[in-house]
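A quick write-up on the structure given underneath.
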Ligand SMILES: NC(=O)N[C@@H](CC(=O)O)C(=O)O
Ligand SMILES: [Zn+2]
Ligand SMILES: [Zn+2]
């Protein structure tokens, strides 16, 4: 039995670091494990210009522990009146790594998102031309569509047409949750990839209702049936270069989660690597973890692989019920449970 694994230092291709006191509280957890991360732009107000991304990046750098070598990779939040010139210039200047499509009102802080992809076609054409990846929160927002079907319907209504119209656009289907998304991504060329979160590999929708309502298991896209979780596990551990690590760590203050209308988002940054390692171990695929965590993402984005290494050891680790953050506590994913792996050398 393998008792330690040493892999290239991973990157997190989808994370919410927030701003202000929350940023200061959560950034060290991500920077401890990951060399780089794609920083989500859904602040309030959202990061829609290269200038606002540049100053947000400065705030992230200021929140890192001294000596941290962590690199935030910034993204542009697309709106109906996104400016192709500003986005292309921000990309050329090394400020924007990618741009993010939130369908309007699909998720947390997405009110300013895109109401119809037709509005941003000129921007997407420009992104295709310059090789800038489009990151997609892939859910329709139509309230008549059952919440568990919104990703699958998004593929039919939006994704299929998008790749037909822009066959060379680099697209990351973010935080996929369904068998249909796996089939879609597999059917596309190498310019279409997907991130998979640790929580969608661990939980199915029952977790939200286990003995009562469990707000800390609620995120968007919402966890689906067991068959979908199994399809995601298969994809993540398959060795396919299309799938890579993206935690979607999305912290919210406890009072905002434990509420009559609780926010969507799971805070998994503190034990993200341990959480993924448990999955790869259970799937007898520890030898494929490095590719998923540290190789496929940089290759998709055209960035160099990290040269540093991280070691995990097989051991029993109890995840605390809450972590003290600035001003309030945060509840991490796996709170109160055991994980069989621990990062020993980060
Ligand atoms: N994943 C979530 O449930 N929430 C994210 C937004 C997102 O990634 O959709 C957040 O910002 O809280
Ligand atoms: Zn999302
Ligand atoms: Zn997210």
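Yeah, the Cβs are placed from backbone N, Cα and C, and that goes for glycine too.
Just so you know, TrEMBL annotations are computer predictions that nobody has curated.
Here's what TrEMBL has on this protein:
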type: DOMAIN; residues: 12-304; note: domain 'Amidohydrolase-related'
type: BINDING; residues: 14, 16, 100, 248; note: Zn(2+) 1 binding site
type: BINDING; residues: 16, 17, 18, 42, 137, 220, 252, 264; note: substrate binding site
type: MOD_RES; residues: 100; note: N6-carboxylysine
type: BINDING; residues: 100, 137, 175; note: Zn(2+) 2 binding site
type: ACT_SITE; residues: 248; note: active site
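Location within the structure of each feature annotated in TrEMBL.
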{"residue": "14", "record": "Zn(2+) 1 binding site", "DSSP class": "strand"}
{"residue": "42", "record": "substrate binding site", "DSSP class": "coil"}
{"residue": "100", "record": "Zn(2+) 1 binding site", "DSSP class": "strand"}
{"residue": "175", "record": "Zn(2+) 2 binding site", "DSSP class": "coil"}
{"residue": "220", "record": "substrate binding site", "DSSP class": "coil"}
{"residue": "248", "record": "Zn(2+) 1 binding site", "DSSP class": "coil"}
{"residue": "264", "record": "substrate binding site", "DSSP class": "coil"}
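For the binding-site residues 16, 18, 137, 175, 252, the greatest number of Cβ atoms within 10 Å around a candidate Cβ is found at 175. Surrounding the centroid of the Cβ atoms of 100, 137, 175, where the record places Zn(2+) 2, the chain contributes additional residues within 8 Å, namely 14, 40, 101, 102, 107, 135, 136, 138, 174, 248. Following the DSSP three-state reduction, the secondary structure of residue 137 (substrate binding site) is coil.
Selection of the binding-site residues 18, 42, 100, 137 by a Cβ distance under 6 Å from ligand 1 yields, in sequence order, 42, 137. For the domain 'Amidohydrolase-related' (12-304), the model's average pLDDT works out to 97. Packing around residue 17 (substrate binding site) is summarised by its Cβ count: 26 other Cβ atoms lie within 10 angstroms of its Cβ, all protein chains included. For ligand 3, the neighbouring binding-site residues among 18, 42, 248 are 248, by Cβ distance under 6 Å. In the vicinity of ligand 2, defined as a Cβ distance under 6 Å, none of the binding-site residues 16, 17, 18, 42, 100, 252 are placed. Taking the C-alpha positions, the distance from residue 17 (substrate binding site) to residue 175 (Zn(2+) 2 binding site) comes to 16 Å. Residue 252 (substrate binding site) sits 10 Å from residue 16 (Zn(2+) 1 binding site), counting Cα to Cα. The two recorded residues residue 175 (Zn(2+) 2 binding site) and residue 248 (Zn(2+) 1 binding site) have their Cα atoms spaced 7 Å from each other. Report note: the Zn(2+) 1 site is defined by 14, 16, 100, 248, and the residues of the same chain whose CB lies within 8 Å of the CB centroid of those residues, excluding them, are 15, 38, 40, 42, 135, 137, 174, 175, 246, 250.
A gap of 10 Å separates the Cα atoms of residue 220 (substrate binding site) and residue 248 (Zn(2+) 1 binding site). Cβ environment of residue 42 (substrate binding site): 16, 77, 100, 102, 107, 108, 109, 110 lie under 8 Å away, each six or more residues apart in the same chain.
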